[in-house]
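Heads up: the structure comes next, in structure tokens.
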């Protein structure tokens, strides 16, 4: 058969050299992040570009209202015509507290849509309580619904004890959990339209005239100043308490890329502007958009490598191609030399082979970090030659000790038969010296 091609030899060399690569990836921003917990994900690829204390217990403050909003949207078929009344007992919950609100009056009726806007924009606590009591029937029942929804979403390190997020030691989450919750909310029809508005008109109710409410997310407000305003930011929710610090969940889209960012427990700075959750979110967005891009690491159209092929009369190698193209978010500074394909393939393949059969895998490494793997498939059919198969069987047989045992036994049996035949024939032959009688 023909010699193994240069491509196979090159691939084997890559497999040997690859484990020695120790180049570090550039997934750390070149500035200090003062927030206690951060989780930043590129939504186009699912790549976590930066995280800090992502699974550390944090207090969510008004980020809690994301789950309250999710339940309000899922449990209310008609947001515009479902009316909810504000009670005096709800208002009394916040007596003496400097809690954000939408100015509800006792007995005031508002649509569920109004209440969702009140939660998302000015972060109204009384609106969250109104939603909880209406949907749950009781506060305890609604809290149970919140925790079940969090578990369903995958936020397994989260526990809620109220619908608004005012501090309680048993009311907590993590930055990664908040990412999962926000991502879930983003996929709900109409949610992004609501959370990205900077203002909303509350039409006249049974208790007051038209009023306007405004977002607490100053990243979307141009008058906030250059340290905070970020024109690519869209939503999603803010939160602040003494214990939770400054919190912000936001998303931003630029040049075809979208990121979802959770910043928790940024410094309060004595509640003076600028809000450090906004400042650090903007800096992280600018860093990510400037330094990362999606790049195709492997193509599904062209062969990746080849593997020696046995038992086929027409060829002695088999081309392998990727099952699918693979793209990843990588630093823009990534060169072709930083991308390594680590092959996991057999030494050879026996025919028959069908096009599309999985032969091995290729691990894709960028700057020393594994970013994914793809199956390697046979690029063509290869039938088995019966002649080569028989020769291979015989060749394999000669390598077995039992083959030689069998040969020895056969020779021994043959010798026994020859000797036995000789002895029998001698006994049956004529005796010398005997005479014949007539």
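Using N, Cα and C of the backbone, Cβ positions are placed for all residues, glycine too.
Within its own chain, residue 62 (active site, acyl-ester intermediate) has 100, 123, 125, 164, 165, 237, 238, 239, 240, 247 as residues 6 or more apart in sequence whose C-beta sits under 8 angstroms from its own. Residues or ranges marked as active site, acyl-ester intermediate by TrEMBL: 62.
Following the DSSP three-state reduction, the secondary structure of residue 65 (active site, proton acceptor) is helix. Other Cβ atoms within 10 Å of the Cβ of residue 65 (active site, proton acceptor), summed over all protein chains shown, number 27. The feature active site, proton acceptor is assigned by TrEMBL to 65.
Per TrEMBL, the feature active site maps to 123. Counting Cβ atoms from all protein chains shown, residue 123 (active site) has 28 others lying within 10 Å of its own Cβ.
Taken from TrEMBL, the feature substrate binding site covers 237.
Sequence annotations record features per position, and here TrEMBL assigns domain 'Peptidase S11 D-Ala-D-Ala carboxypeptidase A C-terminal' to 292-384. Helix, strand and coil residue tallies for the domain 'Peptidase S11 D-Ala-D-Ala carboxypeptidase A C-terminal' (292-384), in that order: 3 helix, 56 strand, 34 coil [DSSP].
Per TrEMBL, transmembrane segment is recorded for 401-424.
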Other C-beta atoms that fall within 10 angstroms of the C-beta of residue 237 (substrate binding site): 30
What mean pLDDT score does the domain 'Peptidase S11 D-Ala-D-Ala carboxypeptidase A C-terminal' (292-384) have in the model? 92
